[in-house]
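Novice: In case it's useful when we look at the structure, here is the feature table from Swiss-Prot:
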type: TRANSMEM; residues: 9-29; note: transmembrane segment
type: TRANSMEM; residues: 40-60; note: transmembrane segment
type: TRANSMEM; residues: 89-109; note: transmembrane segment
type: TRANSMEM; residues: 125-145; note: transmembrane segment
type: TRANSMEM; residues: 147-167; note: transmembrane segment
type: TRANSMEM; residues: 286-306; note: transmembrane segment
type: TRANSMEM; residues: 354-374; note: transmembrane segment
type: TRANSMEM; residues: 396-416; note: transmembrane segment
type: TRANSMEM; residues: 425-445; note: transmembrane segment
type: TRANSMEM; residues: 543-563; note: transmembrane segment
type: TRANSMEM; residues: 602-622; note: transmembrane segment
type: TRANSMEM; residues: 718-738; note: transmembrane segment
Amino acid sequence: MEQTYEYAWIIPFIPLPVPMLIGAGLILFPTATKSFRRMWAFQSVLLLSIVMIFSIYLSIQQINSSSFYQYVWSWIINNDFSLDFGYLIDPLTSIMSILITTVGIMVLIYSDNYMAHDQGYLRFFAYMSFFSTSMLGLVTSSNLIQIYIFWELVGLCSYLLIGFWFTRPVAANACQKAFVTNRVGDFGLLLGILGFYWITGSFEFRDLFEIFNNLSSNNEVNFLFVTLCAVLLFAGAVAKSAQFPLHVWLPDAMEGPTPISALIHAATMVAAGIFLVARLLPLFRVIPYIMYLISVIGIITVLLGATLALAQKDIKRGLAYSTMSQLGYMMLALGMGSYRSALFHLITHAYSKALLFLGSGSIIHSMETIVGYSPAKSQNMGLMGGLRKHVPITQITFLLGTLSLCGIPPLACFWSKDEILNDSWLYSPIFAIIAWATAGLTAFYMFRIYLLTFEGHLNVHFQNYGGKQKTPFYSISLWGKKGVKKNSYLLTMNNNESTYFFSKTKYPIDKNGRKMTRPFMTIAHFEHKTVYSYPYESDNTMLFPIFVLGLFTLFVGSIGIPFNQEGVNLDILSKWLAPSINLLHQKSNNSMDWNEFLKDAVLSVSIAYFGIFLASFLYKPIYSSLKNFELINSFVKKGPKRILWDKIINGIYDWSYNRAYIDAFYTRFFVGGIRGLAEFIHFFDRRVIDGMTNGVGVISFIVGEGIKYIGGGRISSYLFLYLAYVSVFLLVYYLFFLTF
């Protein structure tokens, strides 16, 4: 086992050859590299699969042995300072490694088809592989310096992937917004790291915890300064995990391709903030007020994310706010000290949300055959509806992910979210009420998304629910100028062909994005060469990852279900996390009161079903039709109370749709204030600073010109003026200095 751990340092570097070789190939052999571009997708999946197998093996070793492993190389700069680089393999590392690799592999397979039409196909896979390297380096880091280096690389990859379609101004603005917002948190993280190094003299996690605990027990630290440093460290996690008030970048990050949303903004990168807080939890636990601050930020984010998701029309933005809310649950659990519950929900949410994002990508992919490449239309739930009969496999898996996120048993998120809800009662009744109420809101907005997307009729063909026909479907090309071609091909395979990884037939890249190229796994067995008036199911290459993630959503919750082992109720996750739990809680309790669990489960499921019922009542097609014909309104007495109720509903809708006006506030006061300050500084620099220097030059020039004209060019005049000046100076000197 020791030899296995010794080779763990290679984990982050296994996916690195892909971006390096793609970059070198595009520089040295651009034509050949583009011709064999499918090869890079296969290599990306293969290398990440190797990392996944290695990570699973390490996890099995840890479950059996309950141990840590750390290896450090020291770079001694002088006698007083040295930099240590190494890797740490513990339960938290192995959990994150498995999450990154399993979700990453599914996303890469999915992306081969989803991005097949895109001219930036190679660039996409280079970015994704480099992101995997950065994220794996982050979770295996043994000290704060390495964490910060890979933290910044992850931020760079996020910037590149959000702005992948940088020719679109909206995407360019979104990546800049994400970059700047994260820089605020990263600056705080850097200051916090330097502050704790100044206190303890070490960047290594285990040394840092031990030294700080000794200093704290002897009252040798300034707790006000320590609290400030801890808040600065936490600021980095707040920005990366889209917690209030640095959450504003996450919805705009949906401007990137949908596979990016599934990997980075659902399962891995936004979980980096949760990972950092979990890694530093032994430090935060001994600092006054910081744990309470973490829980307060978490509960605010839980409620804010859920309320902002209520009125979103863009399917990806709705899922983004859902992600923000669920990350708030994890942060709340960490603030309460529920280490196991937070990581359990991190695991279950990652698979469920990745399933939902890939499902939304399949929906968007099918809608583009009707509305063309226009994110404002293909992602608009108001133009969807009735997709259940057109994309049945996507509908089933999307429903599975929706039910999981709602907390319906026996799906994954039910087990993890219930633990957080139960722990919240023991921590604070106010926090518990908010958390339980938000569970109902989660069920409401998730089923709102599901019903608007899959139930009823395809709204792109109708102006309203009454059935009035609209104009023909849109025709918008990839670049927004030319219309789509009349033929939109699915994958084809003759009877005498077999399934293989690489296609023998070359398909050129169509510039307006509707003629798809074949993916490296071709399983389809039919051919259509017609214009689509309705959406169609995605190719099997996209459905396979969705199906696998659906299986994870069904069964991954079982790792947290206790089983009886030698008279003790123990689950796989608790055994896996035993070393970390013992580090935080010297006396951990593995027993479980099933009666208490069932009572709380009945309450949480009842709240979830109430949210589902409310969403069905408001967004089910039959209600929309009745409301359209004023049948429901005829039973409601119109009066002051009804008018007041309508105003309240409209106010809540506007507040939610406009993102609680937080973005507008930041735009006016921060962005506008900084721009105003920049304009004032520019004015002061040009008019005052430059005016002073230019004024001295102008005055000197005028005086010189005046003297030049007075002189006239005659030597006798120069001598006369010289003698006159000398006489005046002598007279002044005599009158003032010699007299007094």
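Every residue, even glycine, has its Cβ placed from backbone N, Cα and C.
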Novice: Same-chain Cβ contacts of the transmembrane segment (396-416) under 8 Å, 6 or more residues past its ends?
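Specialist: Hits for the transmembrane segment (396-416): 322, 326, 341, 344-345, 347-349, 351-353, 355-356, 359-360, 363, 439, 442-443, 446-447, 449-450, 453-454, 546-547, 549-550, 552-557, 560-561, 601, 604-605, 608-609, 611-612.
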Novice: Tell me if the transmembrane segment (40-60) touches the transmembrane segment (354-374). I count contact as 3 or more CB pairs below 8 A, with pairs 6 or more residues apart.
Specialist: no
Novice: Quick test of the contact rule: Cβ under 8 Å, at least six residues beyond the ends. What residues does that give for the transmembrane segment (89-109)?
Specialist: 5, 8, 11, 41, 44-45, 48-49, 51-52, 55-56, 58-59, 62, 68-70, 125, 128, 132, 135-136, 139-140, 259, 262-263, 267-268, 271, 275, 278-279, 343, 346-347, 350-351, 354, 358, 521, 541, 544-545, 548-549, 552, 576-580
Novice: Give the one range among 40-60, 125-145, 147-167, 286-306 whose Cβ atoms make the most pairs under 8 Å with those of the transmembrane segment (9-29).
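Specialist: Between the candidates 40-60, 125-145, 147-167, 286-306, the best contact partner of the transmembrane segment (9-29) is 125-145.
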Novice: So what's near the transmembrane segment (147-167) in sequence-distant terms, Cβ-Cβ under 8 Å and 6+ beyond its ends?
Specialist: 12, 120, 123-124, 127-128, 130-131, 133-135, 137-138, 141, 174-176, 178-179, 182-183, 186, 189-190, 193, 236, 240, 252-253, 255-257, 260, 264, 269, 272, 276, 279, 479
Novice: Of the listed stretches (40-60, 286-306, 602-622), which one yields the highest count of Cβ-Cβ distances below 8 Å with the transmembrane segment (425-445)?
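Specialist: Ranking 40-60, 286-306, 602-622 by Cβ pairs under 8 Å to the transmembrane segment (425-445) puts 602-622 first.
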Novice: Cβ under 8 Å, sequence separation of at least 6 from the ends of the transmembrane segment (602-622): give me the contacting residues as numbers and ranges.
Specialist: 385, 406-409, 414, 417-418, 421, 436-437, 439-448, 451-452, 455-457, 465
